[in-house]
Amino acid sequence: MHHVLNSTRPDHRFWFYDDVTQYGRTKYLNYYTPLVLLIFTVLFITYNIWKHYYYYDVLHLKQKNPIDELLYSSTDEDEQSPLINNNTITTNYVDNNCTKDALKNRHFSLEKLKSVKVNGEPHGTPEIVRRGFIEKSRIILEFFLVLSQVIIHSFILLHYVNKNPEFTQQGTITGLVEWCALFIIVSLRLANVNQNFKFINKYPGNLWSVSFINYLALFISMILPFRSIFIHHINSPISRKYYISQISINLALFLLLFFARIRNNFAIIYKTDSWITPSPEPVTSIAGFICWAWLDSFVWKAHKVSIKVKDIWGLMMQDYSFFVVKKFRYFVDHKVKRKRIFSLNLFFFFSNYLVLQCFWAFLGSVLSFIPTVLLKRILEYVEDQSSAPSNLAWFYVTVMFVGRILVAICQAQALFFGRRVCIRMKSIIISEIYTKALRRKISTNKTKPSNEDPQEINDQKSINGDEESTSSANLGAIINLMAIDAFKVSEICGYLHSFLEAFVMTVVALALLYRLLGFAAIVGVLIIVAMLPLNYKLAKYIGDLQKKNLAVTDNRIQKLNEAFQAIRIIKYFSWEENFEKDINTIRENELSLLLMRSIVWSISSFLWFVTPTIVTAASFAYYIYVQGEVLTTPVAFTALSLFTLLRDPLDRLSDMLSFVVQSKVSLDRVQDFLNENDTKKYDQLTIDPNGNRFAFENSTISWDKDNQDFKLKDLNIEFKTGKLNVVIGPTGSGKTSLLMALLGEMYLLNGKVVVPALEPRQELIVDANGTTNSIAYCSQAAWLLNDTVKNNILFNSPFNEARYKAVVEACGLKRDFEILKAGDLTEIGEKGITLSGGQKQRVSLARALYSNARHVLLDDCLSAVDSHTASWIYDNCITGPLMEDRTCILVSHNIALTLRNAELVVLLEDGRVKDQGDPIDMLQKGLFGEDELVKSSILSRANSSANLAAKSSTSLSNLPAVKEQQVSVNNNSSHFEAKKLQKSLRTEAERTEDGKLIKEETKEEGVVGLDVYKWYLKIFGGWKIVSFLASLFLIAQLLYIGQSWWVRAWASHNVIAKIIPRAQRAIAFISKKASHLIDWRGSSQISMASAENQPSSGHSTMYYLVLYLIIGFAQALLGAGKTILNFVAGINASRKIFNMILNKVLHSKIRFFDATPTGRIMNRFSKDIEAIDQELTPYIQGAFYSLIECLSTVILITFITPQFLSVAIVVSILYYFVGYFYMAGSRELKRFESISRSPIYQHFSETLVGVTTIRAFGDEGRFMQENLHKIDENNKPFFYLWVANRWLAFRIDMIGSLVIFGAGLFILFNINNLDSGMAGISLTYAISFTEGALWLVRLYSEVEMNMNSVERVKEYMEIEQEPYNEHKEIPPPQWPQDGKIEVNDLSLRYAPNLPRVIKNVSFSVDAQSKIGIVGRTGAGKSTIITALFRFLEPETGHIKIDNIDISGVDLQRLRRSITIIPQDPTLFSGTIKTNLDPYDEFSDRQIFEALKRVNLISEEQLQQGATRETSNEASSTNSENVNKFLDLSSEISEGGSNLSQGQRQLMCLARSLLRSPKIILLDEATASIDYSSDAKIQETIRKEFQGSTILTIAHRLRSVIDYDKILVMDAGEVKEYDHPYSLLLNKQSAFYSMCEHSGELDILIELAKKAFVEKLNSKKD
């Protein structure tokens, strides 16, 4: 043997017996290896020099900087131009040659976003990391090591070539040339160590990579010669010294570069904030990448202290959403030649990463068979030690160990590339959804059947521009697209390589099986192929169920969102139980689909469990009965190991098919959403060349091209530029629609709509007057951000203190800021929840006024404020200095106030212009009715104009302050002055803290508490069900082990008899051909193609075969059974959890909803519930199964080789520490990832509700940037969570490799005491142990991370509840009979730490009397009303109704006994009937009567029988607008978004009329209704509620002037309480002052006197 290995004869074998031959060393390792590397090096450098010379020297192309490519758009050369150019003043900002698409693109293009944050600061700063002393020392040391190699090879060439057979001339010369080339390369790198030589930087390419590849290949080529020295097959001293020096120097060179932090060029890190540590990836060595050591410092810190948000590192520059989406949009817009669907664009965009992922997956799949291939060799050695030398057996064990490590590296890299694609794809999908939601139409209003796509089901959009309801109709579906669909689509990318892995592993396994079993393996393949269609059908069915489930989930989330958005009205009417029942009905449908999916999944699991058993049994049967072979231990266990390896990819393929189908469903939903129609705003609006016109030219406009129930018809209006234009008309006449048409939100059927400009806000140029040619818009229902008051007013405009103060004063907000504890730094909550309706409206108005827009559109902004505030706003804001030379188009019902300074009045009626022109001309035509106040107001226009001119002459800086007595009661001025002084002395930080309303989302620290597990397990079914399931798992695992043991028994009963001659001839032929290069002693008779065949003794083969099948089927049945039982228990637990937290949230105190954004609540009910529904149970099952698998493996190996116990202890300790360190960081990252999702949902919710305002301001870019920022805040913990996962997986694999090595080691130590069957069981389980251990830690971490969802949901079990079903006394059945109210010494706070908002208020209300409550906005009027519903519990005092203290009355009874018509009218998706009579308590005739009484339908229509059938016929014609209230089945969108604000208020009034309550409360119920309709409704209220007690909050003093008493509130105190006429007799009274400031004093005195006289006369009667 030694002679053959070192013979000089021309034997061309590379390997002989147990070692590489001398020919193999000299020819393949010393000659071919350096030759190939030399050719590669020369070609690489030559190609790079040619490429750079040709492109940059010949073609003169600009060399691109990768940083600049990311920072700046390559398509926008003006990207970095100044935002404001003070040297350029122009009125025409629109390039008339610019296409409509280009204009739209400038608004919504993600590619054109600037690399700045929302606040205008740079997005981040790239910083170059230069080489330090250590890195430079590395290159110097490398230089000398390469030089030493040149010297060594020169010495060998001169002294030993042809003298020693190890050193051939061609090999030595080639090696010398190779090292000379490497010496030149390292010299160039050393010379350019500071990157000073442009030639080296520009031409040769990445020389560092060339060096590294060469060193690595040369080091690997020396491993086998070094082994030859180790086993004494090379004995020549010089040869031994040569190979030892080569492996030493090559290893040193390899390690120098392997651990180098900075490679070819300087590393670049990207810093976004000073307190955020940038990602260390750019300065991480290859070693750090492979073993994930770059995360060590983070893991160590997380172990020592609980990490905070600031401790989470930043992302790599290329991973930030801004750069990702920018590159994606550039790719789609410029590199995609034809329009492709979204999914294909994603695929091609990430193709490079996916190819790399597949490369690593392919490599890992092939290497994963090394242990199995070597398993047979080891078992053959155990069975017959003469078959190979012992050093070869040790070599096999070592290779198994190394092979497992290489597989771990490959799998980790494949998963990491996939995860990187995942976070980038998630950024793209969410940003595309968000951008689409900003730019799509809002006018569609369709109802789809329930089996349609869920996005379409919820596609209910606003048709009137009301910001409160613009997008809430489909908000649930959009949240679902983000929270679930975007995640599912992006998540699949992390595992796409599994398809390739499954394919490669299947092919390799089948090839090896064929070599092992021959045609018997084909039988197994055919069975697998036969099972594929069935599994495909099951996977498809699971996908169909998932699609249906997502549709129902959309419906549930929509219903939840609707309930949480309207929680106040639900509590007012005590509808919690009804909504809970409706939501739970949907929930049951969802859970039934989940259960069905689980059953199908279990059937699929059974098939995947049983398939390997059937395949193995069939193959063995064919092998024995047809081929006539006898099963031996090596063959049996090698086959079992291969079938196990085959099962893994098939299992993975099963799961992946299911996941891919689910992801395809999600991707289709996203695609459908992205395919929805965009807004036609930029296509249909005509931009005025002079930049100053608002006009309609023969325009006919509807909300939808196909649905034209309401139209603006034949409009011809030319609005006055730089002047006040007022649009008036009755409720539902189309006033808001007209503004929406100007904003481009409606559908232009014909004609033209001319606007002055449509430029994006970031491109606006400020003119000499400080204005921009843009539009500001204030909606009818105020839209506010969940931020401070100040930030809402600024709306990201630069802060100008003088202008800001002037705006605050002009909008009457100065005193409100003095009342608020934190002033303008007060957080106003979601939708401005902490402010009154009037305050919200004025903040919204202040935003429009503060903007530098030259054109302002105001939609009924005076309706929510009291009369004197309305007068102040009109004089100082709408017609004040700040509005000078600005075009203002105002929609208003308050014609007496608003017409006097109007240049143009447009009167609308039923969608047509009834008349337009100068208000005096229209007055003379009698178009304004007989109201004397209107007449006097218009006729005094000349005087008002003079006053306006006087005000206009006052400069902004000298804008007069608001007189304290003008906006408050005189005797309170000193109080507020003192408060103002006190406030000014406090720091802004203190004010900010005082102003905080929204609580930070809570985050537990450390391990998920044991109480959380106990709580969940109790709901899961308690210890009984857990114990039962655990026993099923144990029995299933015992059966699995029993199968292997049975195979051992089967094979052990065979004895050697004879070898079939035909098999011998085949083996000899194959061996002869295979031994051309490699010769194995003994393997010419025993190869992978066959094994020694032994006839059986004892039981027959059929006996073993049948029992093997029985065990396999039993194990599969148990596996499927435990799966379905686990799913059933999990679904039942999920049902209970959902029901409990829904009940808790719906019955929580209203303060919870004020302090908790809806997006945060929706996060609990969407993503967290989805995790509990679909992820937690499978993860628990998987983790428990992996635990049993690992424990059984360790016990089994220890039983077979007791010495393994020492390894098991060490392995267990290592696993504990690795798991401990991992869990410390990962659980916190998971919590931060969960918390950081809520702001994304909240931001979606806010911005989509205000989409009309955002588009009006042209501020889409800023909101898109903010969305990207919030995505990044979520991506950071998400990304590092999965990097931590890779950190864990690598270490688990390393430790698992020790198990394989230990098992092999102790088998060889105990070789004389073991049979091959026991050794086969030990090694087979050791090979699979690593995978099981990895999944154990990974799945346990997933369990804990998903238990975080349980933990977060459990928090809502501790929400403070309203005292339902708690009562000290039970009122009589007819209570309240009289309606008498007594309020005594009442004080209220919104929260214990907040100041009192109601202060010692006392008053009484007689039965059946009517009380008007008036006062400034924010005076506490609405708070008094809510106190009657016990939204706030009294700090002092009490409220009694009919002499019963309401604090002792059951809440449900109380709230159903009184009725409120709230300030913000709330309707629900459904029909007119379901909104008025949700629980079918009234007849259609009663409902029509209620509609008639609130003037939504006329008596004439009702008498003509305009019922459902006739109205349906009428609605088929589009010639005239149809009254939809004639058909009770007419659809109402969520929030009533397809009705005007006034119509919604009337609907709410009609709903209350139906209930005929004894006490009715009206909170600005007619604020958005025209005065004429208001008068009729007030008459209806007086008539219909004669026997009821009425409390009305009103800003229109005329509405309550004839009431029995007026309650004047100010700053939470009662200032006056008497008959209105009595109050007016006192000219010093606050009420008199209010009437005086309203401009209606004389009329109000007359009406009050008339009511007073009538009351006196009625008493006499």
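In case you wondered, yes, glycine gets a Cβ from its N, Cα and C as well.
Ser955 is the residue among Ser73, Ser955, Ser974, Ser984 that Swiss-Prot labels phosphoserine. When Asn6, Asn677, Asn971, Asn1538 are looked up in Swiss-Prot, the one carrying the note N-linked glycosylation site is Asn6; the rest have no such note there, which does not rule it out for them. Of Asn86, Asn97, Asn972, the one with N-linked glycosylation site in Swiss-Prot is Asn97, while the others lack that note in the record, though it may still apply to them. Annotated range for transmembrane segment in Swiss-Prot, selecting from 285-305, 474-494, 1293-1313: 1293-1313. In Swiss-Prot, the annotation phosphoserine falls on Ser936, out of Ser871, Ser936, Ser1087, Ser1236. Residues of the same chain lying 6 or more positions beyond the ends of the transmembrane segment (496-516) and with a Cβ under 8 Å from any Cβ of it are 354, 357-358, 360-362, 364-366, 368-369, 372-373, 376, 414-415, 418, 522, 524-525, 619, 635, 638-639, 642-643, 645-646, 648-650, 652-653, 656, 1088-1089.
A distance of 26 Å separates the Cα atom of Gly1415 (ATP 2 binding site) from that of Ser936 (phosphoserine). Cβ neighbour density within 10 Å is lowest for Ser936 among the recorded positions Thr731, Ser733, Thr736, Ser936, Ser1422.
Taking H, G and I as helix, E and B as strand and the rest as coil, DSSP gives the topological domain 'Cytoplasmic' (1222-1292) the counts 68 helix, 0 strand, 3 coil. Fewer than three CB pairs closer than 8 A are found between the transmembrane segment (603-623) and the transmembrane segment (1179-1199), and contact between the two stretches is not assigned (pairs 6 or more residues apart). Separation of the C-alpha atoms of Ala1419 (ATP 2 binding site) and Gly729 (ATP 1 binding site): 31 Å, rounded to the nearest whole number. Each residue contributes its Cα atom, and for Ser1422 (ATP 2 binding site) and Thr736 (ATP 1 binding site) these two points are 26 Å apart.
Residues of the same chain lying 6 or more positions beyond the ends of the transmembrane segment (520-540) and with a Cβ under 8 Å from any Cβ of it are 510, 513-514, 600, 603-604, 607-608, 611, 614-616, 618-620, 622-623, 626-627, 629, 643, 646, 650, 654, 657-658, 661. Separation of the C-alpha atoms of Gly1418 (ATP 2 binding site) and Thr736 (ATP 1 binding site): 27 Å, rounded to the nearest whole number.
In this view, Gly1420 (ATP 2 binding site) is surrounded by 25 other Cβ atoms within 10 Å of its Cβ, with every protein chain counted. Looking only at Cα atoms, Lys735 (ATP 1 binding site) sits nearest to Ser936 among the recorded positions Ser936, Arg1416, Gly1420, Lys1421. Between the transmembrane segment (1179-1199) and the stretches 346-366, 394-414, 1293-1313, the greatest number of Cβ pairs separated by less than 8 Å involves 1293-1313. Same-chain residues at least 6 positions away in sequence with a Cβ under 8 Å from that of Gly732 (ATP 1 binding site) are, in sequence order, Ser1540, Gly1542, Gln1543.
In the structure as shown, the Cβ atom of Lys1421 (ATP 2 binding site) sits within 10 Å of 29 other Cβ atoms.
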